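*Asks:* Structure in structure tokens, see below.
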Amino acid sequence: MSTVRIDGLNKMYRSVPALTNIELDMGTGVFGLLGPNGAGKTTLMKILSTLLPYEEGRVTIYDLDLAKEGDQVRGLLGYLPQHFHVPMQFTGREFLHYAGSMKGLTNHKARSGQVERLLEEVNLLPQADKKIKSYSGGMIRRLGIAQALLGEPRFIMLDEPTAGLDPSERIRFRNVIEKLGDNHTVILSTHIISDIETSCGQVAVLNKGSLLYQGTTQGLAQKAADGVWEFQVPYADYDKVAKEFAFISSRREMNHAIFRVIAKEPPHIHAAAVQPTIEDGYMAVINGVLS
Amino acid sequence: MNQIKLIYRNEMRLLYRNPFLALPFVLIFISWGYVILSYEMESVHYEDTAAVFYNNFQWITMVNLLLVGLYAVYMAGKDRESEFESLVATYKVNNTEWIMGKWLVAQTYGLGFTVMTLLIQGIWLLGGRMGMEEWLNHLLYVFVQIEGAFFVLVSVGFLLGVWIKNTLSYIGMTALLGIVFLLQANSYGFAYVNPRLNLFTPYDSMYIATPYESIWGIGGVFEGAMLHQAAVLMAGAVVILATILLFRPHRRLRREKRSLVTLAIALMVPAVILGGIRYTHYNSALEQFIDMGKQYKLTEEAYSKNRVAGAERPNYAFSMDRTQLDVQLSADNRIKVASELSITYNGDAPVNDVSLTLQRQLKVTDCSSDAKITCSREDDFIRIHVQDGLKRGERLDLKLNYEGDMKQYRADGLLQQAFVEPDRIYLPKESGWYPLIGERYLAISSYGRVDERYVGFEVNSGGLVEDHPTVFAVTIKGNEDGLPMALTIPRGDDGSYKGTSQYGLSLIGGNLEEIAVDRTRIVGHPEVLDGARQTAEIYRNYWGYLEEWLEVPVAPDVIYVLDHEHSELTQFTPSQSFTAWSFYDIKYVEPSVMVYALANDLIPDNASFGEDVEVLQRAITWGLMKHAQLETGYKHFGQWYASLGWSSEVPAEAVKRIDRMNRYDELGEEEFLQAVKYVFTQYEGLEDKAAFNLAAALARYEGERSP
């Protein structure tokens with residue numbers, strides 16, 4: 001069932017188009033948003049989080065018209081911006097109480113219950129009464145995730161949520177997200193493909209303000225089907241080959257360099273077709289090599 | 001409302017945790033501490049506590065306004081700059097709750113300064129000599145002034161912080177306060193731009209230099225300030241509502257917009273009405289002042305003559321021998337007077353007409369006499385035609401009843417020159433509240449001449465010096481509240497005022513007391529009387545010396561200690577019998593300055609009198625310097641005179657006279673004093689001072705001395 005629907009969304013920054021005719025349909029679950037820098041991801045997130053007005057199109061979130069019922073949309077919303085800044089003089093607990101009150105949790109008891117639960121979920125309980133200025137970058141990020149989940153939002157948007165988290169924190173976060181995905185609509189905008197792979201069922205790819213792909217993560221990987229190749233050359237030839245091919249990745253094995261390349265045809269006589277990953281699919285869509 | 005409270009509480013928490021924001025309080029506290037300690041450490045006070053408070057309140061308030069204004073800009077913009085606001089904008093909280101919560105914190109910060117100022121003022125003024133009602137009025141006045149200013153400035157700070165999204169908002173606030181400062185500087189009674197613009201300050205600045213007027217306290221500005229600040233308060237509310245409307249408009253709720261616009265319009269109506277009333281009050285004062293400038297416009301010749309010779313006796317052929325006044329005061333600046341006047345003709349040829357001067361605002365209701373007379377009125381002049389004429393020495397007894405509004409203004413309508421209110425009274429002689437003999441200029445205006453000022457002229461009081469003393473008998477009614485009053489003649493046991501004065505009558509009522517130093521009455525605010533007494537004691541030595549030396553009365557009969565502005569207005573009518581002192585006059589008493597001032601009291605500076613008069617004035621100064629044993633570095637009068645800066649401009653003829661005076665000094669101090677006394681007596685006897693001839697006077701002196 002569709003919870004977020006975007007029809008013909010256009011957004012201009014003065015005369016520069018930031019989003020062009022975006023059509024998106026999302027349901028409950030975790031939805032990945034991929035795209036290079038400047039693709040329009042943050043603009044789309046800002047529009048969906050009611051921060052930015054838009055010129056054309058219609059956006060409905062849980063049947064609420066974003067343009068007309070922004071205040072009600074905000075009641076459903078949990079948002080973690082890419083750059084998360086909070087007043088550093090608060091303690092983590094105080095900040096969550098403050099954020100909770102602004103999210104409409106005016107009842108202290110109800111708010112406290114949520115704050116304590118979220119502090120535990122993001123593993124900040126031991127540091128809850130310390131000033132935020134003493135927190136590490138990862139702790140601040142976790143605090144950001146906690147504030148996004150305050151008020152039990154139904155529509156959650158997380159912009160680069162795992163940036164700065166260590167591996168164990170990232171795993172803990174994925175578990176939280178996974179649980180949320182059961183009955184929430186979660187948009188995850190990230191550069192970290194592994195987060196998409198592990199958490200998202202659906203994904204959209206944006207580039208230069210246009211939507212290039214919407215579908216399952218497997219579908220995105222399949223965009224590069226029969227077009228991902230790996231070949232091995234002596235390591236001494238690395239520079240020569242690197243100049244010749246637009247490769248996705250390379251690795252060294254003993255005295256050889258192994259290149260991973262997206263191409264319609266085998267790029268090298270020793271090239272072997274390999275199973276595409278989401279990253280391959282993403283690169284194929286962005287670069288348009290296979291189209 | 002609940003959300004506003006939560007935002008307020010959390011933002012207040014941040015405020016408490018920012019130690020830098022406590023620094024301004026420390027700074028202001030230290031400033032006040034310095035002011036109070038400097039004053040309290042004086043062994044004798046020359047200025048009342050409230051005067052010192054308000055003098056410093058002026059500049060400390062400007063600093064406070066800057067600090068609070070900048071804090072408001074910071075408060076409005078800090079979360080946008082840190083991007084926390086972008087996060088908050090995704091929360092359910094609406095624009096009004098978010099802005100109002102933070103705005104209330106900025107207001108609380110301002111309130112902190114207000115409370116600190118009120119505590120300092122309240123505690124400090126408790127030691128002052130004032131009644132509880134006056135004390136409360138002071139607190140209310142300061143609260144309304146400072147808090148009203150903070151209220152609107154915090155709102156403007158939020159407007160700037162929301163509207164201008166960079167450091168320009170801070171510059172904008174500083175520039176705005178710079179304009180306020182300039183507007184206040186413009187309100188010193190000689191505005192170069194339209195003084196009505198002074199109304200656009202966030203506090204009521206419609207006064208000259210300070211709102212505090214010694215014996216009259218803040219009564220002159222209290223009502224105006226209340227009205228002004230009520231309008232400011234409304235305007236502040238409108239500004240913050242406009243700010244909320246400007247803040248992230250796409251996020252604004254429809255019902256929120258509707259309520260804000262409705263409320264803004266609802267507040268704008270009383271703001272405009274209150275502002276309009278305040279404007280009308282000041283505008284009528286300014287218009288009256290401008291009318292006065294036109295009414296008292298003199299011809300070029302008359303103006304120049306008056307400016308130069310303003311203190312000369314008028315040499316009228318009539319004298320006002322007796323003036324009896326029954327005065328009824330009413331609280332709305334009106335007076336009603338029944339007077340009986342005895343006028344004597346001193347001229348040679350019989351005449352039929354005699355003139356009196358009475359302020360034109362006062363309407364004559366009865367002008368009658370046992371003699372056959374007809375009275376006519378033109379502006380300030382009452383012309384009485386005596387059908388049977390008057391011969392030398394003949395007396396005309398006249399009954400003159402009049403009434404009217406006495407409120408008068410000076411200095412762009414910012415200074416009240418005459419007023420009658422329940423808690424303050426001022427009817428100076430120059431306001432023309434009782435009949436003066438002759439046709440006199442109550443004021444002189446430079447209207448019509450080239451003048452850079454907005455009004456294009458200046459008004460000074462006329463030089464109302466009398467030829468003869470008058471015997472006065474005055475009863476005053478309508479002061480049932482028992483406001484302390486004083487007149488330039490003494491008060492009798494029956495409550496009426498009786499006495500002879502060549503100066504005339506100036507009535508004051510307010511927080512005053514009276515003391516006496518020898519035969520000189522000193523009237524002023526209770527707190528300054530010790531200082532005034534001390535100064536009078538110093539002067540007494542010189543007055544006594546001069547009286548003994550020159551055999552003329554020098555000690556004044558009465559001294560009023562007034563605020564600087566009002567005391568200055570009296571100086572156009574110099575008189576031996578009456579003097580007005582200001583704070584400066586009693587605090588800064590230096591014998592080296594006093595000797596010049598005393599000589600000037602005896603012989604006023606007047607270039608038209610000629611060099612001989614100046615040499616005589618300097619000779620008296622030199623005599624006083626000897627008496628005061630001032631170290632001049634010069635042995636004799638001639639050397640000292642030559643050392644004065646302007647001696648190079650002295651004509652050769654005058655140099656000879658200086659030399660002649662110097663010769664007496666070389667003969668000995670007593671010789672010098674006797675010679676000066678003789679020529680001064682000659683000078684005093686002259687009706688036309690410009691006719692004074694030092695050489696001739698000295699020749700007569702020599703002639704009388706030779707056996």
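Every residue, even glycine, has its Cβ placed from backbone N, Cα and C.
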*Asks:* For which of the residue intervals B:88-107, B:108-127 does TrEMBL record transmembrane segment?
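*Replies:* That would be B:108-127, per the transmembrane segment entry in TrEMBL.
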*Asks:* Which residues of the same chain, at least 6 past either end of the transmembrane segment (B:57-77), have a Cβ under 8 Å from a Cβ in it?
*Replies:* 11, 21, 24, 27-28, 31-32, 99, 102-103, 105-106, 109-110, 113, 117, 121, 142, 145-146, 149-150, 153-162, 165, 169-170, 172-174, 176-177, 180-181, 202-203, 209-210, 243
*Asks:* With a Cβ cut-off under 8 Å, give me the same-chain residues at least six positions beyond the ends of the transmembrane segment (B:139-163) that come close to it.
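*Replies:* 57, 61, 64-65, 68-77, 80, 99, 102-103, 106-107, 110-111, 113-114, 117-118, 121-122, 169, 172-173, 176-177, 202-204, 211, 218, 221-222, 225-226, 228-230, 232-233, 235-237, 239-240, 242-243, 246-247.
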*Asks:* Give residue numbers and ranges for long-range contacts of the transmembrane segment (B:20-37): same chain, 6 or more residues beyond its ends, CB-CB under 8 A.
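*Replies:* Residues 52-53, 56, 60, 63-64, 67, 71, 109, 112-113, 116-117, 120, 124.
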